[in-house]
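Asks: Next up is a structure, given as structure tokens.
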């Protein structure tokens, strides 16, 4: 066996011509041609072509004949210049090849269930089952190299800004409210359970009480909820908390971090300061609390204009407390048939809208079944506020405010994608601020925290917490990128009396609050500094940086929508002994499921 | 409210004299003296003295009068020189003080249950219950700053050596063998459970199969076992895996990492290369597989010398397959009475030894009840091999090999501590190599893996795997520091046929092996590169760097020996609804425990 130092395949260039090298890696593709064997040889650095020539080594060629795709080889040979006609400009190493005089098969490989170098669509089930092969593909390798790089850049930044990286527990307290907690039965304490953290929220607040002042962590978090395409039962968030900083200072720090990240990972300078928008404005203009600002087509409130119109649907909606908003689909009137618009109507109905009214602009006037309800004047003023011109398509929803926002906001996104209005190369960051502190839960008949119960009300609204809780704004801020919520944060309640009041507004009795959060309430009494922070979804951040659309492409070993790991077949059934040790029994449904 | 930029208390020095500063932090200690109030004022950077003087601000003084220890304040004032007689050379800021003209109470504090600045012994229970106060103490602050620094140094090193930081799942597969697994019931799959990882072993091997070649992670691991003082149910390991490297290369990389760490965190240059010792030698010379080499008092095998002696206990032990070893407690004969030695005898009995024989050297000859059994010649040769001189105390154990090692090894450590033989400033690293691959489990009547079932046998022993499994050495290495196992690693099995054989030796049927490890066995068939790695216990590493003796002092929010979190009171009971969602019932014992 040769003992020469290993070199990386993807690094070989012209200036290595003549050099003897040894490589270790995988057979990506083998081609037999005119008595020679050519192999695209791959390692973590990339590809190089290696050649087996009987004139150089009969023995090596013989071995190469037995070699198939994904075999692991050690090869040694000379770097030679390729002839002009065989230079491959698509490969970084395309000007050279290695003529092999020694080869050793380090491991064999069966024919893989899918090729690791084609860009063919492969079923996601197969990809997840053979994740270790899926991950060999170039685009996956790139994504996880980028993820690593992003990790290091962010850590370096936070380290330089004197944030301490600290680890909080995974085996934490389960709370009666924690409907989405993953529970972990304790063997030592029968009938007792830990919970996996949905976030290290309370621990990071305690770290502030401890006086460390600046904390961060790449925190694994867990949420046992019905999964959507962009959710995973375990996910990673960049968790940050600081003492003695204003929300402006926390936002500014986050901006510096994102600037550095975008610069170092994507080579992109982002606009600074990142624009800010109040929650109310975001809803009014984009029908979304995480607006995609890479394109316009904003929602326009026409309630005032239509409340005296002859179109009864609009008129009565406005006069019974609802509103009418519209979007202007520029220059698309001719391209949307009635049938097309019917489909859009079906779409907005998903969001609770009763219907979708439409108008086209033809010869500088409204056209369409409802055009007749609007006077020439009304038409003129509506065209003005909607900046409508010839061949524009106007789409209206008249409904309760929240339905108008949800449906038109979603329609806006759908149309932008259909019409390719989005410049995919852009990275539009946006802060959404001035969030409501509370939401009214109709089912429960009480208020719930819009963010979490530890969010600080805005100073000027503090008095309204008892009297008009629905009007209280939170000192909270979300960072939005291209229509995705990257993360959010807030100042936290650091005074015991405000926290008590908050729990009361949320309908907790004193006993309930104490039972669940005694340690926090106690900590607030021993010199808690003003503090706040932010948590950013790291998986999603990587997804957006890598230009992917599926979170599963940014998590090394992800789970399916039903929270299964197709590779290891988790979760699995366990033995009775293990259950007995935990003093647990399966209920009938569980017995049925496991005996299937 | 003043709007000046905040400065850090602990950074103020002579050259800031005359400057106006604003500080935010905690009242560490207040003293009233001659109409003035002096406060040791603390923030994350340290302490500075602040002074309230009625001549400067009556109002500030008045507020200061209401202030107690651990109040959170914002203060502004002028940095002034202390008079020569009040300079405090023990404080970094001891030459200056801040004369306050503005103060605002940011938060109040009750009298804490223990002082955060005394070095008084506080009961651990109280410390854990009020962890957020415990963590304010200077030595805790230092430990976690050091932990942060160690994290960054190691990450930077591994990043530079092209290791990729990657995250493996926490919700993994439970295996029938996983007696110490923490289980997590699945809501979506009734009766099915995830397991929290005891280590990311198989995932990091799959990362190698994926072709990433170099991986690391600060991995949270979990082990549900009966806890000892130096164990925690969740702990952090620096998890590293590489492809195409020899064990020498992996050890060399680890050494570079430890060198950099010791240099940057402790300012210490460590010996390189780190000495290596075979497992057998470590046991023979130190009675331990993790020898503390900061002192000598090595075990000496005297079996050959005593097997013909008249002392029947020694003679028969050797002639029935046992061995006799001794340690020489230099110069301590006069200091150990019979009673003292009786205590040592009780001590070795804990480790299964039947007794402890002893001899003292007086007038260049053996003294003691068994001295008479040894001829002058025998005495001379034993004194020679034991390098025994006047007033030395020789302690012997005659027993089965493993008992001799365990008992004398433990006795050696006990005596070294009693006699202060250990230079606590030293950091002695050691590699222990050539581990046995298998252990014979008398109870189960079969072999078990000494490390784990994926460890590569040494190349030369490969043939013996079927015939003499007990003789097979592993390609494994442990890193030892000052008598603690810092971590261990190995080359892994990367060929399917060897892995099959290994499972067979361990008593797995083909079905059992497949059921538990199908994904690994399958992966081995698709071009798995030769690979290996190491895992280092990070909590323990920090403990040793910080000169602590308790793991709980290096974990931010640790659990007690019964795996409870005294701060949050985890684990706790959960509601019936939550159990029903998981389709689980409590067995009677659990019901009893939770209704207590």
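Glycine is treated like the rest: Cβ placed from N, Cα and C.
Dumping what TrEMBL says about this protein:
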DOMAIN    B:144-558  domain 'Aminoacyl-transfer RNA synthetases class-II family profile'
BINDING   B:177, B:223, B:451, B:492  L-aspartate binding site
REGION    B:201-204  region 'Aspartate'
BINDING   B:223, B:224, B:225, B:232, B:485, B:537, B:538, B:539, B:540  ATP binding site
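Walk me through the surroundings of each of these features.
Replies: Across all of the domain 'Aminoacyl-transfer RNA synthetases class-II family profile' (B:144-558), the predicted model scores a mean pLDDT of 95.
The Cβ of residue B:492 (L-aspartate binding site) has 24 other Cβ atoms within 10 Å, all protein chains considered.
If you look at the region 'Aspartate' (B:201-204), the same-chain residues 6 or more away from its ends with a CB under 8 A from one of its CBs are 168-169, 172, 215, 217, 239, 241, 452, 454, 517, 519-520, 533.
In the three-state DSSP scheme, residue B:485 (ATP binding site) falls into the strand class. Listed in sequence order, B:289, B:290, B:478, B:479, B:537, B:540 are the same-chain residues at least 6 apart in sequence whose CB falls under 8 Å from the CB of residue B:485 (ATP binding site).
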Asks: In terms of DSSP three-state secondary structure, what is the assignment for residue B:540 (ATP binding site)?
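Replies: Assignment for residue B:540 (ATP binding site) reads helix.
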Asks: Could you list the residues of the same chain, at least six apart in sequence, whose Cβ is under 8 A from the Cβ of residue B:538 (ATP binding site)?
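Replies: Correct list: B:150, B:151, B:218, B:235, B:236, B:237, B:238.
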Asks: Which number gives the other C-beta atoms within 10 angstroms of the C-beta of residue B:540 (ATP binding site), all protein chains shown included?
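Replies: Taking every protein chain into account, the count is 21.
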Asks: Taking DSSP states H, G and I as helix and E and B as strand, how many residues of the region 'Aspartate' (B:201-204) are helix, strand and coil?
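Replies: Grouping H, G, I as helix and E, B as strand yields 4 helix, 0 strand, 0 coil.
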Asks: May I ask for the distance between residue B:492 (L-aspartate binding site) and residue B:225 (ATP binding site), taken between their Cα atoms and rounded to an integer number of Å?
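Replies: For residue B:492 (L-aspartate binding site) versus residue B:225 (ATP binding site), the Cα atoms are 26 Å apart.
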Asks: What whole-number value in Å do you get for the largest C-alpha pair distance within B:223, B:224, B:225, B:232, B:485, B:537, B:538, B:539, B:540, the residues recorded as binding ATP?
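Replies: Between the most distant Cα atoms of the ATP site, 20 Å.
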Asks: Going by Cβ pairs closer than 8 Å, show me which of the binding-site residues B:225, B:451, B:485, B:492, B:540 neighbour chain A.
Replies: none
